[in-house]
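> Okay, here's the structure, questions in a sec.
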Amino acid sequence: MAETEKSDLNRQCSDIQVAELVELQTTAEENAKLLRKIDLTLMPVMCACYMLQLLDKLTLNFSSQLGLTQDLNLHGSQYSWTSSIFYFGYLVWTWPSSWLVVRLPLGKYLTGTVLVWGGILMCHGACNNFGGFMAVRFLLGAAEAAVAPGFALIVSMFYRRDEQPLRQGIWFAGNCIANIIGGLISYGIGNIDSSLATWRVLFLILGGVTVAFSAVLWAFLPDSPIKARFLNERERKLSVLRTLQETFSAMDENDFQTYQVWEALRDPQAWLLALYTFSVSICNGGITTFNSLLIDGFGFGSLQTLLLQIPMGGCQLAFLAIVSITASVTKTSRLFLMACGCLLSLVGMLLIYKLNHADAYGRLGGTYLAAVFASNTPMSLSLIASNVGGFTKRSTVNAMLFVAYSTGNIVGPQLYLSLEAPVYTDFVWGFSF
């Protein structure tokens with residue numbers, strides 16, 4: 001890592017020279033004003049975009065209560081595979097995307113992927129069989145592969161190390177918000193009296209909203225601090241200087257360094273973080289796909305099941321806020337907080353497994369608790385953003401993380417065996433891994 005940092009220190013940006021930056025004088029008040037401006041511009045659009053990403057993923061989960069499995073005649077493990085194939089697409093595109101985020105203007109590249117994935121999501125509503133649905137699921141996974149690692153890189157370019165955990169948590173909060181409003185949206189659409197199947201309407205509406213939102217990203221998501229249109233010339237220089245003093249990440253762009261790839265692949269800490277990500281992603285893949293069917297199996301009705309998923313998002317949001325704030329004010333606490341999240345999730349899974357099947361609300365509470373592990377994702381990303389020097393190495397480690405994420409999410413849905421429906425008890429053993 002030291003070798004990477006040394007290389008970064010020797011680099012200069014074509015737009016702003018290092019000598020020009022170090023001569024800048026600023027005050028604490030000016031720096032605080034700049035930070036607020038960056039926060040108020042980046043955090044809302046990143047949070048909203050990530051909310052749409054998870055909301056679009058959850059359409060499969062919600063659609064299972066709106067007639068999708070019956071209309072497409074899904075049987076056996078086919079429903080599980082419609083989830084797993086999404087992450088095959090994610091996996092295939094993760095490595096090419098890690099190269100493209102270095103070679104292409106980052107903000108524009110991410111905007112393009114959002115536009116494409118919104119269009120693909122709308123195509124889900126036109127599917128009439130298992131094969132066609134599998135094809136669009138694969139393409140959707142590929143289109144969504146760039147967003148989370150891209151956002152992590154943006155945070156590393158605009159924020160200092162001590163500022164990053166909270167900001168990673170803020171944009172990731174879109175994940176929790178999607179769980180809260182997704183149930184409401186699906187419930188409302190489920191009550192629509194339409195000649196078109198309600199699950200098709202759900203895909204069309206959410207896909208259309210995502211396509212429209214890509215215009216917002218185009219306007220507000222920058223490629224780097226140097227090119228941020230919402231900042232004036234002095235603010236751009238100060239923004240670069242803020243992170244330049246730590247990692248030079250704001251100036252390290254559009255230059256793919258092969259030696260940094262090999263540094264990342266030889267780093268044991270990167271591999272340990274990838275193994276951890278694989279483990280928790282097994283749980284994520286199952287919950288995001290089968291949560292509706294699991295709650296329905298507790299004895300609740302189809303539309304009621306959609307509403308009962310709202311508190312899960314609230315639990316995730318509350319725990320994420322606690323973790324992000326604690327990590328921001330208490331140094332070296334991130335790994336401990338991640339361990340706490342895993343333990344709480346394990347307790348929730350054991351409640352689902354051990355409580356009597358007649359105790360529907362107790363097991364429902366277990367599903368809410370089981371989902372708090374989601375707060376660990378922004379902590380993992382902030383560890384990379386804070387501790388990995390070099391834009392190429394950082395993007396490579398991010399790619400390793402999301403390869404592990406994809407693989408775990410492929411495995412997760414396969415642990416829900418159709419012969420165990422609707423209770424799916426044995427999934428706990430795999431998730432406890």
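Cβ coordinates come from backbone N, Cα and C, glycine included.
Here TrEMBL flags 42-433 as domain 'Major facilitator superfamily (MFS) profile'. The feature transmembrane segment is assigned by TrEMBL to 138-158, 170-189, 201-221, 270-294, 306-328, 335-353, 365-385, 397-417.
Just tell me what is around each of these and how deep it sits.
If you look at the transmembrane segment (170-189), the same-chain residues 6 or more away from its ends with a CB under 8 A from one of its CBs are 42-43, 46-55, 58, 62, 65-66, 151, 155, 198, 201-202, 205-206, 303, 306-310, 312-314, 316-317, 320-321, 324, 371, 374-375, 377-378, 381.
Sequence-distant contacts of the transmembrane segment (201-221) (same chain, at least 6 residues past either end, Cβ-Cβ under 8 Å): 41-42, 45-46, 48-49, 52, 55-56, 59, 62-63, 66, 107-108, 110-112, 114-115, 117-125, 154, 185-186, 189, 192, 194, 230.
Here the transmembrane segment (306-328) has long-range neighbours at 62, 65, 162-163, 165-166, 168-170, 172-173, 175-184, 186-187, 190, 291-292, 295, 300, 334, 337, 341, 344, 364, 367-369, 371-372, 374-375, 378-379, 382, meaning same-chain residues at least 6 beyond its ends whose C-beta is under 8 angstroms from one of its own.
Within the chain carrying the transmembrane segment (335-353), a Cβ under 8 angstroms from the stretch's Cβ atoms is held by residues 276, 280, 283, 294, 319, 323, 326-327, 362-363, 365-373, 375-376, 379-380, 383, 425, 428, 431-432, all 6 or more beyond its ends.
For the transmembrane segment (365-385), same-chain residues at least 6 beyond its ends with a Cβ under 8 Å from one of its own Cβ atoms are 148-149, 152-153, 155-156, 159, 161, 164-165, 168-169, 171-172, 175-176, 179, 273, 276-277, 280, 283-284, 287, 291, 294-295, 311-312, 315-316, 319-320, 323-324, 327, 334-335, 337-338, 341-342, 344-345, 347-352, 355, 394, 397-398, 401, 431.
Residues 77, 79-81, 83-84, 86-88, 90-91, 94-95, 97-98, 141, 145, 148-149, 152-153, 264-265, 267, 270-271, 273-275, 277-290, 293, 380-381, 384, 388, 424, 426-427, 430-431 of the same chain lie 6 or more positions beyond the ends of the transmembrane segment (397-417) yet place their CB under 8 Å from a CB of it.
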> Counting only residues 6+ away from its ends, which parts of the chain sit with a Cβ under 8 Å from the transmembrane segment (138-158)?
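Distal contacts: 38, 42, 46, 49-50, 53, 56-57, 85-94, 97-98, 100-101, 106-107, 109-110, 113-114, 116-117, 120-121, 124, 164, 167-168, 171, 221-222, 224-225, 239, 242-243, 247, 249-250, 253, 377, 381-382, 384-386, 391, 394-395, 398-399, 401-402, 406.
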> If I take every residue in the domain 'Major facilitator superfamily (MFS) profile' (42-433) and average their pLDDT values, what number comes out?
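Its mean pLDDT is 84.
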